[in-house]
């Protein structure tokens, strides 16, 4: 009993500690220059305390639900504040706290000259808190609060530099695309309420309903919006308009993995529904390939890393599609470390080169930024799934499982091509930023010796090397069964990755001396992001607006307000007057009509007398 009390109290302490700096915003501490330090220290302590229940959970394997506040009862449905402390939430919480701790420390260096740095830290912390609410929620209502929370905080953080039009547009774009996904979430919530009369996860999972396609489609739409899957993906690269720490937090342990996490949570409903699994698998495969193609020709360092995030999210969705939610979750956890580190390395480069983001204007940075360079190389190799780095433990397993799943060879092929392309664009980043001759302004002073920068990246560097090994041993199944697959299947992931490296290196060396008169159609397709923004953001609104203008001017003004009423009345009057007053020269007829009128008048007078 004491163990259970310690478990529950330590996790509640972790979550309550995070709210302390938010509460302090009404005091003088919020105006203090040391406020960012308070926030960072709070998160570091929260991480250390969260390791207690996580360690206990790993050793005991005992799931727990804390239900400690009954909010309201609507007819037969009870709404309570309840936390689900299972395998997924207990491992995710320390990972998210560890990554955010490093990002907060990095932000103290990156945003030191910002006049509103205290507000920035408060927003980052609220972003983390809403993600924690989402992860630990045991009912759909609480999950929805966390879901909307990360949405609104992403809007505030992406549009942080609201003096720039691009930042405002990107923030609005993120909200609008997520709004489409939220429609699916609300639809699923409404369906569960009408048909199952509950929002509690346990009751939803044990209830047997014949057809769950409708709510699962809604949840898939929600995940598509939040995790930037194909169709609702353009907001993710645009979100790079926010400061680099925002990009790091947005793409590692919060927001974008929320959609994948939602599908993992509702996996018990999906595991026997083959239609939904096939849909999820195909959606993930298309996303991972399409975004990998887009990443190949981008020149903005942050955009390339953003597209790589979208590609990895597609891989996670593929994993859910082949019925492996635990592997998808493992990839979420491992991906958080190296992706946050890649963004922080790019932030270090951007900051040192006076806000230069174009990789064509970098080069030779391995001499002047040795630590950042080392971290960037390790992060890129971990992303490609290089053996025994963090990414390998999840990515290799995913490719192996897909190879032996005997379903949908088309989706598997797309995933393998995308894996190869991951190596290609990672090589491109390393080739253009770190190698060759310096192509930046020689007058720039470069300095990476700040302890805030070094320590934050160092922690994630260690995570990118060792975290995969540690997490993969504490994820189910804990004992791996004997694998019976031929060597060529076992080595597929490594082979396609090495192929991507070799091809990319060859192409990078060739492209330096290659001069094309006109860019090829494939290049245009990739650099213009598959014509998606052009069609969705330019062509379709233009067609709509021009059609509306024509309808308003032609139908309303020209026809109804002009032709139908004023012109038609005047035309009718003119026609009738012309018809009536037309002189034909029939004098006898005129006299006759005059006499008839006169006789009628006289008769009326006589009869009156």
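All residue numbers here begin at 1 and follow the chain in the order shown.
In case you wondered, yes, glycine gets a Cβ from its N, Cα and C as well.
According to Swiss-Prot, the features are:
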{"type": "TRANSMEM", "residues": "46-66", "note": "transmembrane segment"}
{"type": "TRANSMEM", "residues": "115-135", "note": "transmembrane segment"}
{"type": "TRANSMEM", "residues": "174-194", "note": "transmembrane segment"}
{"type": "TRANSMEM", "residues": "216-236", "note": "transmembrane segment"}
{"type": "TRANSMEM", "residues": "244-264", "note": "transmembrane segment"}
{"type": "TRANSMEM", "residues": "276-296", "note": "transmembrane segment"}
{"type": "TRANSMEM", "residues": "304-323", "note": "transmembrane segment"}
{"type": "TRANSMEM", "residues": "328-350", "note": "transmembrane segment"}
{"type": "TRANSMEM", "residues": "368-388", "note": "transmembrane segment"}
{"type": "TRANSMEM", "residues": "460-480", "note": "transmembrane segment"}
{"type": "TRANSMEM", "residues": "485-505", "note": "transmembrane segment"}
{"type": "TRANSMEM", "residues": "585-605", "note": "transmembrane segment"}
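Note on the transmembrane segment (46-66): residues 3-4, 6-8, 10-14, 17-18, 82-87, 90-91, 93-94, 97-98, 101, 138, 202, 474 of its chain, located 6 or more positions outside it, place their CB under 8 angstroms from a CB of the stretch. Residues 308, 312, 334, 337-339, 341-342, 344-346, 348-349, 352, 395-396, 399, 419, 422-423, 426-427, 429-430, 433-434, 438, 446, 448, 454, 457, 460-461, 464-465, 468-469, 493-494, 497, 500-501 of the same chain sit 6 or more residues outside the transmembrane segment (368-388) yet have a Cβ under 8 Å from a Cβ within it. When each of 115-135, 216-236, 304-323, 328-350, 585-605 is checked for Cβ pairs under 8 Å to the transmembrane segment (244-264), 328-350 comes out on top. Here the transmembrane segment (304-323) has long-range neighbours at 223, 227-230, 233, 236-237, 239-240, 247, 251, 256-257, 259-260, 263-264, 267, 270-271, 277-292, 294-295, 298, 331-332, 335, 339, 342-343, 346, 359, 383, 395, 398, 401-402, 405, 407, 411, 415, 418-419, 421-422, 425-426, 428-429, meaning same-chain residues at least 6 beyond its ends whose C-beta is under 8 angstroms from one of its own. The list of residues near the transmembrane segment (174-194) in space but at least 6 beyond its ends in sequence, with Cβ under 8 angstroms from a Cβ of it, reads 77, 140-141, 144, 147-148, 151-152, 154-155, 158, 204, 214-226, 228, 232, 234-235, 238-239, 259, 262. Beyond the transmembrane segment (328-350), the same-chain residues lying 6 or more positions past its ends with a Cβ under 8 Å from any Cβ of the stretch are 88, 91-92, 95-96, 99, 102-103, 106, 110, 244-245, 247-249, 251-253, 257, 260-261, 263-264, 301-302, 305, 308-309, 312, 315-317, 319-320, 356-357, 362, 365, 369, 372, 375-376, 378-380, 382-383, 389-391, 393-395, 397-398, 433, 448, 453, 456-457, 460-461, 463-464, 467-468, 471-472, 475.
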